[in-house]
Amino acid sequence: MAAPRTLLLCPPSLSAHPEALNKIYEIHDRSTADLQMLDRIAAGLVQLPAATYDVVLLLTDADGTTRESHKLLARDVASKVAGALKVGGILKAKTEAILAGLSESPNGMVKTEQVESVSIPLKFGKKKTNGVNGTNGAVNPDGSVPLNLNGKRNQPEPVKPVGVGFVDFSDDLDDPIITGEDDDDDLIDEDDLITEEDMARPVIQQCRPKAGKRRRACKDCTCGLKEKMEAEDAAKRTTADKALNTMKLGADDLDELDFTVQGKVGSCGNCALGDAFRCDGCPYIGLPAFKPGEEVRLLNNDIQL
């Protein structure tokens, strides 16, 4: 009997630790064990042979955890590993193994034999009558059992309330046996309900504006997007006109302001701050600083405050 073959799935971090790999080969004989890197299998650089290995062992990372191994053991890699297992083979790792078609066992994840599914038709027959030989459990006063030879029921019909209708669910109404194989004679083909006129009718596509761009209405827009955009443009235009009207200046607004009036300042706003803040053409150059609103008179080049 051939020795069981083992596939060792190694994370890339172990390749930088040869001492760890040597310990692994001390436990597993190289003649019966194959070592493959998980990243090479995930990249498609290594093709695993089909139905070859009895045991697949997922090795831990260099730090003793399985984070890197579980990250690389994705569903497609797990499917490749499951294909390399023999029937009854064991994969000692749970990540994505069940989704790859493996079953859990006390020793690990086992590859079970695939059995083709068989469809079984269900047949529904008539409801069986109670009792034996169609007697419905009825017994005569003398202890004898009446036999129903004509196959019909002898029970009297229940009295129906006046003005009230009900359905007797115990009556099978002598319907034929349902075999589950429906007759297609009563089915209507949906394509027969569509006429040539329906096929030629154009289908109006829904307006679906692209993200990041301004919506544009179709030329023959019927969904109301065109009217909505026109209303938005009109509202923006009205807002802009109102803002423009507030910025217009009249003739009175352009006149020079008299600094002698309380609360008013000159056009430059610095007439009352002294020469250091006055313009070149200011008529008050050389005059001392004065308070806004203070009356200033010039008489024979003398300052009269």
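Glycine is no exception: its Cβ is also placed from the backbone N, Cα and C atoms.
Listed in Swiss-Prot for this protein:
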BINDING   Cys207, Cys218, Cys221, Cys223  [2Fe-2S] cluster binding site
BINDING   Cys268, Cys271, Cys279, Cys282  [4Fe-4S] cluster binding site
REGION    1-120  region 'N-terminal SAM-like domain'
REGION    207-223  region 'Fe-S binding site A'
REGION    268-282  region 'Fe-S binding site B'
MOTIF     268-271  motif 'Cx2C motif 1'
MOTIF     279-282  motif 'Cx2C motif 2'
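When pLDDT is averaged over the region 'N-terminal SAM-like domain' (1-120), the result is 80. Cys218 ([2Fe-2S] cluster binding site) sits 63 Å from Cys282 ([4Fe-4S] cluster binding site), taking the Cα positions as reference. The binding-site residues listed here are Cys223, Cys279, Cys282; among them, Cys282 has the most other Cβ atoms within 10 Å of its own Cβ. Taking the Cα atom of each, Cys282 ([4Fe-4S] cluster binding site) and Cys221 ([2Fe-2S] cluster binding site) are about 65 angstrom apart. Neighbour count (other Cβ atoms within 10 Å of the Cβ, all protein chains): 12 for Cys218 ([2Fe-2S] cluster binding site).
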